[in-house]
Amino acid sequence: MNLVDLWLSRSLSMCLLLQSFVLMILCFHSASMCPKGCLCSSSGGLNVTCSNANLKEIPRDLPPETVLLYLDSNQITSIPNEIFKDLHQLRVLNLSKNGIEFIDEHAFKGVAETLQTLDLSDNRIQSVHKNAFNNLKARARIANNPWHCDCTLQQVLRSMASNHETAHNVICKTSVLDEHAGRPFLNAANDADLCNLPKKTTDYAMLVTMFGWFTMVISYVVYYVRQNQEDARRHLEYLKSLPSRQKKADEPDDISTVV
């Protein structure tokens, strides 16, 4: 073996050793940055699995290079503003089977345009801010939530790229129209535009009118009672004055009798 072959062989060995060392450092770095209670692996990108970890909130120390994030089957109740803003490589986000009730307006800021799959099914979401899913390109699963079907929900679903697929399994737990409760959202939206419902101004006008009539009636009754009381007082005074007049009228007769 000549010197060139020997040098190439040693160079190749050094490169392989250096590569292995770099990979070990990366793995150690990823493991050291893994949130408490979660498992991290680097198969096809950094996968962070925090399923069934009894988490009550979304960890704030998630590695920036996270690609797949599983937070399902925990006790998370809300998604705060910009909680994922540093996860620019995030593609899959699973938040199913939690107790999520609140999603802040800017909850998905920073990942809305890169996220491919978002699972929010089996939570307690009734409504969200109309801008919460703005620019979201992900295939979203939001079924099995106690949705309140109204104009805001209609606007939210229209703003999502996968509107029809996302809305397909949404059931109205409650609705601005009572007859839509328990029905699929798409059926409710086909029956009526939830953002263009007639306002119930007639009821208020009726109440104002009834209150006006009621006030007039009460005023008339009060006036009538007071007027009757005044008439009764005058009549009573008149009656009291009658005996004295009769007595004065009888006095001349008594005098003539004595004479």
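From the backbone N, Cα and C atoms, a Cβ is placed for every residue, glycine too.
On a predicted model such as this, the values are computed, not experimentally measured, just so you know.
Features reported for this protein in Swiss-Prot:
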- 1-33: signal peptide (SIGNAL)
- 34-64: domain 'LRRNT' (DOMAIN)
- Asn47: N-linked glycosylation site (CARBOHYD)
- 65-86: repeat 'LRR 1' (REPEAT)
- 89-110: repeat 'LRR 2' (REPEAT)
- Asn94: N-linked glycosylation site (CARBOHYD)
- 114-135: repeat 'LRR 3' (REPEAT)
- 145-197: domain 'LRRCT' (DOMAIN)
- 205-225: transmembrane segment (TRANSMEM)
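In the predicted model, residues of the domain 'LRRNT' (34-64) average a pLDDT of 94.
Between the alpha carbons (Cα) of Asn47 (N-linked glycosylation site) and Asn94 (N-linked glycosylation site) lies a span of roughly 12 Å. Listed glycosylation sites: Asn47, Asn94; maximum Cβ neighbour count within 10 Å falls on Asn94.
Below 8 angstroms of C-beta separation, residues 72, 77, 88-101, 103-108, 141-148, 150, 152-153, 155-156, 159-160, 173-174 of the same chain, each at least six residues beyond the ends of the repeat 'LRR 3' (114-135), sit close to that stretch. Long-range Cβ contacts of the repeat 'LRR 1' (65-86) within its own chain (Cβ-Cβ under 8 Å, at least 6 residues beyond either end) map to 30, 44-58, 92-111, 119, 124.
Sequence-remote contacts of a segment are chain residues at least 6 beyond its ends whose Cβ falls under 8 Å from one of its Cβ atoms, and for the repeat 'LRR 2' (89-110) they are 45-46, 51, 64-83, 116-126, 128-129, 131-133, 136, 138, 141. For the repeat 'LRR 3' (114-135), residue counts in helix, strand and coil come to 0 helix, 3 strand, 19 coil, using DSSP. Residues in the domain 'LRRCT' (145-197) partition by DSSP class (helix H, G, I; strand E, B; coil) as 24 helix, 9 strand, 20 coil.
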